[in-house]
Structure formats: structure tokens, C-alpha cells
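Q: According to Swiss-Prot, the protein has these features:
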REGION    1-28  region 'Disordered'
COMPBIAS  9-24  compositional bias 'Basic and acidic residues'
BINDING   D136, D165, L166  S-adenosyl-L-methionine binding site
Amino acid sequence: MSRPSAPRGRTELRSIHERGHERGSAGVGRTALATAWIRAGESERPDRLFDDWLAPAFVAAAGDALPLIPPDAGGRLGALAEMMNAYLAVRTRFFDDELLAAAEAGVRQVVLLAAGLDSRAFRLPWPAGTRLFEVDRPDILAFKEQVLAAGETGPRCERHAVSADLTEDWADEILDAGFRPAEPTAWLAEGIIVYLSAEEAERLLTDVTRLSAPGSRLALEDAKGLAEEMVEEARNIPPLGEFADLWKGGLEGASPAWLGDHGWRGREIDSTTVATELRRPIPAEMPVAGYFVTAQRAVGERAEGERAEG
């Protein structure tokens, strides 16, 4: 796909509500589009942590809209915006590195849960034979495919777009798309767990566990470090309120503990530590924005009563 020019200023973003009224559907996920907006901005920096050259195309395709956050925002809004920009850039780079580490270890099957407008299939240097599955709602994938179809270069792996609602039964859809549960898989749950209830998050991770062969890997974010008062504050700031209203919190307990009880060996690292290592520190006055969790399904180990499907 040809590298589109990034729109300068990047102050416009059409909301999910506007697109939904026009299309008679939910439209493009607001969080997915906001993430693309931030990734496009990061990609313009001389010290960028990654180059998401497709993100500007997604933002441009969204059409005219009010600014997500005005570029000259100051005060608390500006501080929150700075924190979120840094956090999402660091999160993206961290999970880039985790997926590539899995590939280097020999994993050739990758699943991006709630993939949104993720472009890793196109921008990461995947080894030959890599099969990547993007799972998300039909309306989001339809928008994404429309933008991708306008380009000239294909993905750098075998890419499968799987339309499914992760709060419902989705395993059949990914199996029908060619997913092989007997093979080790690198799973990524980026920007999804916190928007699920505890019950929904546990059900999703249970399904992931059931579909994971020994040697599989899982990466996700756990937002237990995000202060509740910060979420409540965001509810009262118009550009951020709709995102805060989507917040459900995810698992009730710590993710590594849950994973350990279900046949995974996991660890977590706080995002501020990662940010410091990447020389993109999150503003000191902000609390820890969240934790990044990585886990591996030990070879020869399965949770009691589990078996590979397919």
C-alpha cells in the first residue's frame, strides 16, 4: 500500500455517533479512530517509537469533524492529552516488540483481539509463513477494508479479517477463518480489557485459553493502576467524557493472578517503567496509566479439562 501523506495539524476526527447516524449503524469505533489519530501524530515525530504510515489514511477517511482535543489545549485537558499520547505510543511500541519476540521464537500464528484500525499486518517485518487474524466488529472492519482497498501494497503476512463481537461467542468465527488451535499463537488484547465488564473479560480470556496450544503467548494491558478519580475527572471533560463512559474496568483481580490460575505463566510491568526505558516518559504528575501483562502457555501444560479444538 502506498504511504499516504499525513494530514498536517490532524485536528479533525468524525465521531462514531455522526457516522452511525449517517450509516444507520454503530459506525467506526470511537476508540479505534482515536488510537489511529494518536498513532498518526506519533509517526510524524522525529523521535517516533514506530511508523504507522497507514494511520493518517484512516483519520483522513473519517471525514470532517470537531477536534478530538484542540492542538492548543492547555491546563488539565492538555496534561491529560499529553499523558494519553505518550501512553498510547509506549503501549504500541511495547506490544510491537512482544509480537516480534514471539515471531522470533518461532510462533507463526498471531491474533489481534479488537484489532480496530491496527496496521501491524502491514508495517511489522513478519517472518515468512506468519498468519495474522484481526478480530473486530463488522462495521469497524468494513471501514478498515474500504481504506485498505485504496492502497497499492498488501500485508507483510497472511492476513485474515474476522468479523465477530468479542462479548459474544466468537470462537467459531475465527476457527472458520482458518485459525489452527493446535499451533502456538501470539494473542494481543490491546485496548479492550478495560472496556469489558469483569464477566466479559473473564469469558474472553477463558476462550483464549481454550484455543491456546502449549507455547502460545498472550499480551494485554491491565489498567488497575489508573486512578479511579482520573477516570471520573475525564467524564466531566467533553472531549474525553465519552471514552470514560465506556470504561468498565475488566478483571476484578490482577491479570497475572488470573492467568496463573488458568495455565499461564505471566508477568507485568508498569507503563511508566516502559516509558522511561523508551525515553518517552509519562508526565510525572500523572498516576501510573496501567500495566502491560505478558504470559506464556508452558509446553506440555493445559488447564484441567482443556483440549485443542479443530
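Each Cβ is built from the backbone N, Cα and C atoms, and glycine gets one as well.
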Q: Around the recorded S-adenosyl-L-methionine site, report the further residues of that chain (criterion: Cβ within 8 Å of the mean position of the Cβ atoms of D136, D165, L166; site residues excluded), sequence-ordered.
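A: My list of surrounding residues reads L113, A114, V135, R137, A164, T167, E168, W170.
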Q: Work out the three-state DSSP category of D136 (S-adenosyl-L-methionine binding site).
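A: Its secondary structure by DSSP: strand.
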Q: What's the most sparsely packed of the binding-site residues D136, D165, L166, counting other C-beta atoms within 10 A?
A: D165
